[in-house]
Amino acid sequence: MGGVVQMHFTTVDYVIFALLLVASTGIGLFHAFSGGRQRTTQEFLMADRSMSCLPVSLSLLATFQSAVAILGAPSEVYTFGTQYWFLGCSYFLGLLIPAHVFIPVFYRLRLSSAYEYLELRFNKTVRICGTVTFIFQMVIYMGVVLYAPALALNAVTGIDLWGAVLAMGLVCTLYTALGGLKAVIWTDVFQTVVMFAGQLAVIIVGANQAGGIAEVWRKATNGSRIAGLDLNPDPLERHTFWTLGVGGVFLMLALYGVNQAQVQRYLSSRSEKEAIMSCYIVFPCQQIVLCLGCMMGLVMFARYGEDSPLDKGFVKSNDQMVLYFVMDVFKDLPGLAGLFVACLFSGALSTISSAFNSLATVTMEDLIKPHFPNMTEAKATLLSKGLALVYGLVCLAMAYVASIMGSVLQAAFSIFGMVGGPLLGLFCLGLFFPWANSTGALVGLVAGLAMAFWIGIGSFLLRMSEANAMGALNTTNLPLFDNMTTAVMTPLVSATTAKPRPTGVEALYSLSYMWYSAHNSAVVVVVGLLVSLLTGPMKEKDLMPGTVFPVMGTLLFFLPERYREKLCCVTPLPNPHKAKETQTLPYQRAKKDGNKAAQCKEDTVTEDKETESDRAQTEQEDLEIRMALPSCQLTTHMVQETAL
C-alpha cells in the first residue's frame with residue numbers, strides 16, 4: 001500500500017455496519033407497504049404533504065451533513081485550527097432568510113418542484129434550463145459522494161471498496177424507489193441519530209485517552225489551534241470571519257433556499273408554519289454538528305500534535321487521517337469503529353437518497369408531466385419509482401467513473417459547487433426584482449455559469465500547477481464540504497509557506513472558495529437586470545401574483561406609490577389563510593402554458609379528491625377572517641376575494 005498502515009475491522013464492527021443497512025431498508029419497506037402504499041405521486045414524491053417539523057428538520061440536517069463533511073471538518077480544524085468554527089455565524093441569516101422569504105413563496109404556490117417557480121415567474125425555457133442545470137449538478141456529485149468515503153475507508157481499513165459502494169448504493173436505491181420521500185425522511189432521522197452517536201463516541205473516548213477535555217483544550221491552545229476573531233477583509237484569505245460568516249450565508253442560501261432536495265422537504269410539511277419551524281429546529285442541530293466536527297479535530301491534535309499520521313506516511317490524505325485516528329482510538333474497543341463507519345455511511349446514504357428522490361421529482365414534474373398532461377396517476381407513480389431506480393443505477397455508474405478519474409475527482413466536486421451560486425442568483429433575480437424578464441434570466445444564468453466555470457477551473461489548474469511545482473501532490477485532500485454547498489478542491493499548503501499576493505486574473509482564481517456562491521449569484525443578478533432593462537422590463541400586470549417577494553417595496557417605502565408601481569414594488573404576497581388564492585394558481589398556470597383545457601381538467605380532478613374535512617376547514621378559516629374584520633375592512637376583504 002506504499003507505506004499506508006492498515007487496521008482491520010472485527011466481526012462486531014461488520015455486524016454494526018450491516019445493522020445500519022438492514023434498518024434503513026426496513027424503514028423503506030415499512031413505508032412501501034403501509035399507509036397509502038405509495039400509490040400516488042403526491043405520496044411518493046411529496047410524502048402527501050403530511051410531515052411534521054421534527055422529522056423534516058432532522059432530514060434537512062442529514063442531507064446537509066455528508067460523509068465528506070464528517071471527514072473534512074476534523075481534518076480542517078486539526079490542520080488550521082478553529083477559525084472554521086465561525087461558519088456557525090452564517091447559520092443565522094442562512095436559515096432565517098429561507099424560513100421567511102423562500103418558504104412562504106414556494107409553499108403558497110403549492111409547488112412540487114422548485115423549478116416550477118421559474119416557469120410561473122419567467123417562462124418554460126427558464127424552467128427547463130434550471131432543471132437541466134440541477135440534474136447535471138446532482139448526477140456528477142452523487143457518485144463522487146458515495147465513492148470518496150468508500151475509497152478512504154478501503155485505504156485505511158482494507159474493507160472491500162466495491163462491496164461497500166454496491167451495498168450502500170443498492171440499499172439506498174431500494175428504499176428510495178419503494179418508500180418514496182416519506183421513507184427518505186424517516187431514514188434520514190435514523191441516520192442523523194447514528195451520525196451523532198458515532199461522532200460523540202469518538203470525542204468521548206479520544207478525549208478520555210488524551211487526559212480529558214481540559215487537557216485537549218490546553219494542548220490545542222499551546223499548539224496555536226484555538227483561533228481568535230480574524231477580521232481581515234481580504235477576500236483572497238481562505239478562512240476569515242467575513243469569508244465564513246458572510247460568504248457562508250450565500251452558501252447556506254444556495255443549499256437551504258433553492259436546492260430541490262431541501263425545498264422538497266419544506267413542501268412535504270403539513271403546513272407553512274411547520275415548514276418554517278423545521279428551519280428553526282435545524283439551526284441548533286447544525287451548531288451541534290459543527291461543534292462535534294471541530295471537537296473531533298481538537299481531540300486529534302491532542303493525540304498527535306504536530307506529528308500527524310500524514311507526515312509519518314501512515315496515510316496519504318487528510319480524509320484518510322480522520323479514519324486512521326478513529327481506528328487508532330478504538331483499536332481496543334470492538335464495535336465502536338463499526339459505529340463510526342455506520343455514522344460515516346449514514347452521511348453518504350442521507351445525501352444520495354435525497355439526490356435520487358429530488359432528481360426523480362424534477363424529472364417527473366419539469367420534463368415529463370408538462371408533455372403528458374393526461375397521464376394517469378397510476379402510470380405517473382410507477383414512472384416516478386422507475387426514475388428513482390434509474391438514478392440509483394446512474395449513481396453507481398458515476399461512482400465507477402469517479403474511480404477511474406483519479407485527480408480529476410477534485411474537479412467533479414468543484415463542478416457541484418460552481419453550479420450552486422448561479423442557481424441561487426436565478427431564483428433571487430425572480431424573487432426580489434419584479435422588473436427582471438425571462439431574457440435577462442436566461443442570459444444571467446449563462447453568464448453566471450460561465451463565470452463560475454472560468455474561476456473554478458482556473459483556480460483548480462492554478463493550484464495543481466503550484467502543487468506540482470512544490471512537489472506537494474501527495475498532500476491533496478478532500479477539503480470541507482457541507483454536503484451541497486459550494487466548495488473547491490484545494491491542496492492544503494503549509495500555513496507557514498509565504499506566498500506573494502496574486503495580481504490580475506490570478507487574484508480572481510485565488511478568491512476564497514467561501515465567496516464563490518456570493519460572487520456567482522451576484523453575476524447572475526447584475527447581468528440579468530441589465531439585460532432585462534435593455535430588452536424591456538416586466539410590468540406589474542404581467543407578473544403572476546405571489547411570485548415576487550415584496551422586499552423592494554419595503555426598501556423603497558419612501559418613494560411615492562406611482563413610482564413604486566412603475567418599479568413593480570407594490571404587490572404583496574398572498575395571504576396564506578385564503579385558500580381560494582392557492583386554488584386559482586393552477587388555472588393561471590394553465591392559462592400561461594397555453595394548454596388550459598388539459599391542465600384545468602387535471603386540476604379539477606385534484607380538487608375533487610379533496611376531503612370534506614379540508615373543505616370544512618377552508619370555510620371555517622374564511623368565516624373566522626370575516627368575523628374578525630370590522631365592517632369597513634370586511635367590504636375591502638370581499639372586494640379583494642372577488643377580484644381574485
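Quick reminder: no glycine exception, Cβ is built from N, Cα and C everywhere.
TrEMBL: automatically predicted annotations, no manual curation.
Worth saying up front: this structure is predicted, and the values here are computed from it rather than measured.
According to TrEMBL, the feature compositional bias 'Basic and acidic residues' maps to 590-618. The feature region 'Disordered' is assigned by TrEMBL to 577-620. Here TrEMBL flags 14-33, 53-72, 128-149, 161-181, 193-214, 239-258, 279-302, 336-362, 382-405, 411-433, 440-462, 513-536 (among others) as transmembrane segment.
When each of 14-33, 128-149, 279-302, 382-405 is checked for Cβ pairs under 8 Å to the transmembrane segment (193-214), 279-302 comes out on top.
Most Cβ pairs under 8 A with the transmembrane segment (161-181) among the ranges 53-72, 128-149, 279-302, 382-405, 440-462 are made by 382-405. Proximity of the transmembrane segment (279-302) to the transmembrane segment (382-405) is not established, fewer than 3 Cβ-Cβ distances being under 8 Å for residue pairs spaced 6 or more apart. Taking every listed stretch (128-149, 239-258, 336-362, 382-405) in turn, the largest tally of C-beta pairs under 8 A with the transmembrane segment (513-536) is reached by 239-258. A contact between the transmembrane segment (382-405) and the transmembrane segment (128-149) is present, since 3 or more of their C-beta pairs, 6 or more residues apart, lie under 8 Å.
Among 53-72, 239-258, 336-362, 440-462, 336-362 has the largest number of CB pairs under 8 A with the transmembrane segment (128-149).
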